[in-house]
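Accompanying notes for the structure given below.
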Amino acid sequence: KNRKKMGKGKSHDPKDGKRKEKAKMHLKRNIGYVDGVSFIIGSIVGAGIFVSPTGVLKHSLLNIGVALTIWTASGLVSLMGSLCYAELGTALPFSGGEYSHIKRGLGSLPAFVFIWTSTFTKPASNAARALLFAEYATQPFYGICPAPEVLKKCLALAVLWSLGILNGCSVKMAAWVQTVFTLLKMMALSVIAIGGIVLVGGRKESLARFEDAFSSEIPNASQIAEAFFQGLYAYGGWWSLNYMAEEMKNPSRNIPLTVMTAVPAVIVFYLLVNISYLTVLTPKEIVSSVAVAVTWADRVIPSVAWIIPLSVAVSIFGALNSSMFTLGRLSYAGSQSGHLPVLISMLNVHSCTPAPAMIFSTTIASIFIIPSDLITLTNYFGFSAWLMIGLTCASLIVLRYREPHLHRPYKVFLPVPFVMVAMSSFLVLAPIVWSPNLQYVYAFLFMLGSLIVYLPFIHFKLHFAFLDKITCHLQLLLEVSPADESTESKCE
């Protein structure tokens with residue numbers, strides 16, 4: 001009625017079209033190059049490089065040369081994988097990372113198995129990080145005495161929900177926090193790396209140690225493989241950028257550029273830090289140390305050694321923020337495809353963030369904190385992660401042949417995804433063959449359990465009417481709305 005009173009001419013005002021475009025509900029492109037680099041580095045660099053880089057050295061039979069070679073090779077494999085993901089991210093820049101690519105390349109069922117597995121394993125990994133953060137954050141207040149378990153669990157829950165709320169309220173603020181904490185952890189690694197370089201020049205025994213790097217016993221094939229597995233685990237998180245491809249500014253340019261900056265930077269820092277550890281400590285001391293960086297600090301900077309436990313807590317916090325951000329996007333993408341409840345695919349009407357997805361993933365992670373058994377929470381993650389990496393790289397190969405005319409701003413050298421598929425198969429099967437464990441049977445049965453949900457609810461589309469009423473009430477409570485249907489077309 002108002003438009004009629006105003007006259008026909010004003011109804012064609014081009015500003016109206018702009019207002020409608022702004023009013024559409026979809027994820028905003030708020031993540032730039034620097035933010036992307038921060039997210040990748042923040043995802044890869046957690047507590048491991050500070051606490052226990054002993055796995056590689058131990059399985060290398062304390063051979064320094066072999067250990068450093070494996071650290072380099074693990075980084076190069078991670079770089080190859082990230083370049084495969086860069087092609088998929090630029091060609092199909094949608095939220096959901098591997099899930100979206102597996103669905104496009106291999107179909108709905110493998111994608112559902114992925115999200116079924118990830119919905120439980122990734123929150124479990126976040127719960128483990130939160131508990132580890134609580135361990136290091138409370139340690140200075142209790143000295144040699146252990147902190148109460150209730151306190152650590154409460155602090156872990158508080159950190160989880162603080163980051164969940166932050167990521168659910170503002171993408172820009174979450175990206176800013178990620179950048180700040182990534183800078184802080186890189187400063188801490190720089191202190192260790194530079195300290196080692198300075199000491200190398202002044203210690204003859206340190207130089208002699210590196211001159212005879214390959215002089216000790218050479219490990220056999222199975223030991224090298226185990227060391228390699230440990231090294232690859234330390235680089236875990238290089239796949240995180242594809243989860244935010246829909247929110248990247250100029251993804252065709254920034255995704256490959258970000259990957260080629262962040263992963264090589266981590267490789268260089270990991271090598272320098274390991275060299276620094278080996279400069280100050282003997283291989284036997286490193287393997288026997290509970291927290292290598294703390295032992296290093298006690299030797300090199302005893303007056304300010306407290307800075308290292310603080311750095312570990314900061315590093316874990318940054319890695320947790322990045323992991324929660326990506327997990328929220330995975331849940332959001334799965335819901336958009338109908339593999340999770342529809343409410344999870346909705347966006348907050350004020351901030352255009354996937355708030356329900358963040359609440360969903362944070363709630364599951366909170367449940368995992370209750371038992372607080374870190375080994376149980378994390379020992380399944382590596383198995384499932386490399387299986388899904390293999391499926392994702394296989395999707396790239398399938399799409400190359402099935403959709404040759406798909407616009408690919410960046411194309412990886414085709415043998416690289418074949419190498420990654422072979423590497424993933426090896427890393428999935430090797431632990432099962434070398435050390436058979438009932439855990440792998442449970443893992444396989446857990447994945448098959450996804451069929452119990454997939455067949456009735458996804459394939460046959462079984463639906464309960466009362467769920468619509470619950471969704472409606474929650475939608476009003478959370479102030480969320482379905483994402484605009486044209487979101488995917490805007491990203492192509």
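Quick reminder: no glycine exception, Cβ is built from N, Cα and C everywhere.
Automatic, uncurated: that is what TrEMBL annotation is.
Taken from TrEMBL as is:
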- 10-19: compositional bias 'Basic and acidic residues' (COMPBIAS)
- 1-22: region 'Disordered' (REGION)
- 31-52: transmembrane segment (TRANSMEM)
- 64-86: transmembrane segment (TRANSMEM)
- 154-177: transmembrane segment (TRANSMEM)
- 183-201: transmembrane segment (TRANSMEM)
- 257-280: transmembrane segment (TRANSMEM)
- 300-320: transmembrane segment (TRANSMEM)
- 340-369: transmembrane segment (TRANSMEM)
- 381-401: transmembrane segment (TRANSMEM)
- 413-434: transmembrane segment (TRANSMEM)
- 440-460: transmembrane segment (TRANSMEM)
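Cβ atoms under 8 Å from those of the transmembrane segment (154-177) belong to residues 27-28, 30-31, 35, 38-39, 126-127, 130-131, 133-134, 137-138, 247, 317-318, 320-321, 324-325, 328, 348, 351, 353-355, 358-359, 361-362, 365-366, 369 of the same chain, restricted to positions at least 6 beyond its ends. For the transmembrane segment (64-86), the neighbouring stretch richest in Cβ pairs under 8 Å, chosen from 183-201, 340-369, 413-434, 440-460, is 413-434. Among residues of the same chain six or more beyond the transmembrane segment (31-52), those with a C-beta under 8 A of the stretch's C-beta atoms are 78, 82, 129, 132, 136, 171, 175, 178-179, 181-183, 185-186, 188-189, 233-238, 240-241, 244, 247-249, 254-255, 257-259, 261-263, 265-266, 269-270, 273, 289-293, 308, 311-312, 315-316, 318-319, 321-323, 325-326. When Cβ-Cβ distances below 8 Å are used as the criterion, the transmembrane segment (413-434) is approached by residues 77, 80-81, 83-84, 222, 225-226, 229, 232, 382-383, 386-387, 389-390, 393-394, 396-397, 400, 440 of the same chain, each at least six residues removed from its ends.
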